[in-house]
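Annotated features, as they stand in Swiss-Prot:
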type     : residues                                       : note
BINDING  : D98, C583, H700                                : Mn(2+) 1 binding site
DOMAIN   : 251-415                                        : domain 'DOD-type homing endonuclease'
BINDING  : C583, H732, H833                               : Mn(2+) 2 binding site
BINDING  : 699-703, 833-834, 885-888, S892, 911-914, K987 : GMP binding site
ACT_SITE : H911                                           : active site, GMP-histidine intermediate
Amino acid sequence: MAPKSMLKHIRNNVVWELPEDYKGCMKVPGRIYATEKLIDGMEKGVFDQVANVACLPGIYGYSIALPDAHYGYGFPIGGVAAFDVEEGVVSPGGVGYDINCLAPGTKILTEHGCWVKVEDLPKMLTDQKLKVYDVDEGREDDSEIKFVMERGIEEDERAVVLVTESGLTIEGSEDHPVLTPEGYVELGEIEEGDLVVVYPFEGVEYEEKEGTILDESDFEDVDPQVLRYLEERDLIPLRWSDPKVGTLARILGFAMGDGHLGEQAGRLTLSFYGDERTLRELKRDLESLGVKANLHVRKRRYEIETASGRYEGEATSVELRVASRSFALLMEKLGMPRGRKVETPYKVPDWIKEAPLWVKRNFLAGLFAADGSVVKFKRYTPLPINLTQAKVEELEENLREFMNDVAKLLREFGIETTLYEVKSKKNVVYKLAIVGEENIKRFLGKVGYEYDPEKKVEGLAAYAYLKLKERVKKDRKEAAETAAEVYEETGSITKAHEAVADVVNRRFVERVVYDGGISSVRVPEDFPTFERFKEERVLAGGFVIEEVVEVKGVEPEYDRFYDIGVCHGAHNFIADGVVVHNCGVRVMKTDLTEDDVRPKLRELLETIFRNVPAGLGSRHRRVRLSTQELRQVMLYGAEWAVEEGFGFDEDLDHIESRGNMTHAYETIGWEEYGPRDDVASKRAIERGRPQLGTLGSGNHFLEVQVVDEIYDKEAAEKMGIREEGQVTIMVHTGSRGFGHQVCSDHLRIMERSMRDVERRFGVRIPDRQLACAAMGTDEAKRYFNAMNAAANYAFANRQMISHWTRESFVEVFGDEYGDADDMGIEVIYDIAHNMAKIEKHPVDGEERWLVVHRKGATRAFSEEALKKHGEPVPFEGLPQPVLIPGDMGTGSYILIGTEKAMEETWGSTCHGAGRTMSRAAAKRKFWGEDVARELERQGILVKAASMPVVAEEAPPAYKDVDEVVRAVAEAGISDPVVRLRPIGVVKG
């Protein structure tokens, strides 16, 4: 929910201000354009990101969020910000259901922190869920398995092996998608030096065990209602094969640390204590078992007596209370002691001692979440992790027994510990210490923490860090051995250093040779401390960015791949929501009506689907580009496409910047920031050549629409729209994998340049996802060169798709209505909605050049502004058209820009409906086939490359586009012209 109490109402209940004191570093206020209904639906993260953007150097006016805003990478999607062209920055942060084809032997991590070989998943007796990364929420999650399939390997098909810097290895088919900081990239397209996102936890192998832990006979002495409650939740009988065993072991471990089982008002209850976030995670586990629990937060006085003195004060106490007597009794049967634990003898339950290793892992992870210390570092070295428990003096022996039981469990994971007593005036206190880097690494990689978010994220980050440190030390040790061998053979320090120069410096080699070797290898001086590593590499939820150190194609030594279908996938705005993708939308009008098209609508969709290549690098190729031709696309965009016969010269007058960013930047005198053809790596060229002229998947689409309602008849007529029922065509796609690759090649440069920005402007960037470069620097110019080259690719892509769509209409309706010209198929407008552009705007009464970032936002210029920037005026006497796609089941809009938008939002408005539900959530909730059937019932036909994509784009997954448009209209930053409704949808 939004922090509504912080928002200041400006006007019309659709314009709101986020004050500068929301975050101390804000240089300007935030400005939110949304109805109260839309405000209520915005994640708090949107407002935090608005505030973070307001902290960037050189920002003017406001950090803006439009009504379709939702949480993004760095900037909110639906965000706008303008920066001084001399004293500001450019930031890439401003501008899904996957089937994975994996090699046998691949380890798949489950919800319980254990792994299963992919080929063994169908054989498992349990229905454990798999662990996934919910990108929307920045946290791990779990998902049910939809299916596990196997397929034979095709003749001459190769596999790809990818190795990261910490040693993580994955092998799969070339089209297996891998998550990178910029989104999903196919395994076959990853290169050495690329970055990928990993989950740094090894876990232990899943092991099945037969038999029963508890059954009805264990509850013969209790009220039958207790047994009924447990049976209704499938908690009795409790068998080893039930995945709930892992959850119960976790809960029991935490309860033995921070839980209390006792009577309250004569009723047995179970309570847990701790940090609110920790208890909310625990509450999720309880609810997954069907057990209700309530959080209670209160202030309380405390008194603590330690060896060093007595302390008292006030603290906030948080309790998670389970009212169910039945569940409390179940926990008691599982070994939870009744009464004050400090005064009650207990031990590690026998069933835990007898359990498979993965169950023991969950018990320990819950226990250490409660009573274990968080991992800490002294620069490069981890400090001991301690488990602390106390008893009254009479129970010292019982305490030692319990701690020794825990030590024995840890030893089964290869983790050695030390037990020692801590001085205490009141009770006997013992600490079980995990000491030594190897032991700590094993604990973090195999056991770790559950529930406590801080401990868990720190633990995951620490494990990744220690694995990286281990690999670096190993490389340096091998370099020392190699250097010594080369020196012995050649007698040359120079040759010895040349042999290992990519790993160590010359001084290291000299020490190896002259000092008789190196007794113990340490990390180099420039190796990051743990704190710096976290800052640079760790994402929300403990996921970590790692560099790929090896990629190789291999001949499979097996005869089949395995495919996993899950009901959860990562939200793809990490890829699509950044500048580099330059997504955009185009609308064309026709002189046909719905009555003309409806009888042959299905045939039309089939024809478009056949003529317009879809998907990820569709095999159906209409164009085969040479490298030189692709370089021409990078420089000239849609103009290149028209010269090659894809469309007409008149089309260019209805495209933002005539579809040619070279011309646009030459016109305004900033040609050094325009596109260049030398910014593309070999890999970008390889990706771009086959994908030009393809629609793409995800939220990319081609729709056949009809005019549903006309609001401004004069403006509509100037656009060629005369009546309701008239057919239009909307194309939504972008720069495909080429844009991703070109700009991701430059992203690491931007990340490095951020330190220069902080030094230059004396600021601290509040979010590392706001990587940026100071305008005027080579890094900023190169980024613009790359981004504008990708923009040209996108303009050319939409131009080619439009041409083939015209041909499809002629193929289906030509005999009856003539050629494309006879049918009046003309471009109304084509505009990008993920771009940063250099534009001139008034600031404090003075015209200034600004860098305007529009992420998931659309330019909405007045006619005067178009002329000032040398932009084509598509319709004389009208502001620039604005195209707002909705969802498949409702509609889209054509708006026009306003003077109010020029004054307040740098000539910007919303770009679409905006999501309310992640793709993962949509696929959990909807079946693509059901969505398609329901749309057909409404008169909307869908032709898609896959049904999961249809599920992702289900209408309920989006905000109400009518509400979004109402917000910008009432705010005065756009005026509605027509509403369009879909009748046919083509998706890649």
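Backbone N, Cα and C define each Cβ position, glycine as well.
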Closest of H700, H732, H833 to H911 (GMP binding site), Cα positions, binding-site residues only: H833
Cβ packing number for N834 (GMP binding site), 10 Å threshold: 30
L702 (GMP binding site), number of other Cβ atoms within 10 Å: 28
Between H833 (Mn(2+) 2 binding site) and H700 (Mn(2+) 1 binding site): CA-CA distance (Å): 13
Other CB atoms, at most 10 A from the CB of H911 (GMP binding site): 29
Count of other CB atoms lying within 10 Å of the CB belonging to H833 (Mn(2+) 2 binding site): 28
DSSP-derived structure type at H833 (Mn(2+) 2 binding site), helix or strand or else coil: coil
Local backbone state of H732 (Mn(2+) 2 binding site), from DSSP in three classes: strand
Length of the line joining the Cα atoms of H732 (Mn(2+) 2 binding site) and D887 (GMP binding site), in Å: 12
Coarse DSSP state, helix versus strand versus coil, of H911 (GMP binding site): coil
Neighbour count (Cβ, 10 Å) for H700 (Mn(2+) 1 binding site): 24
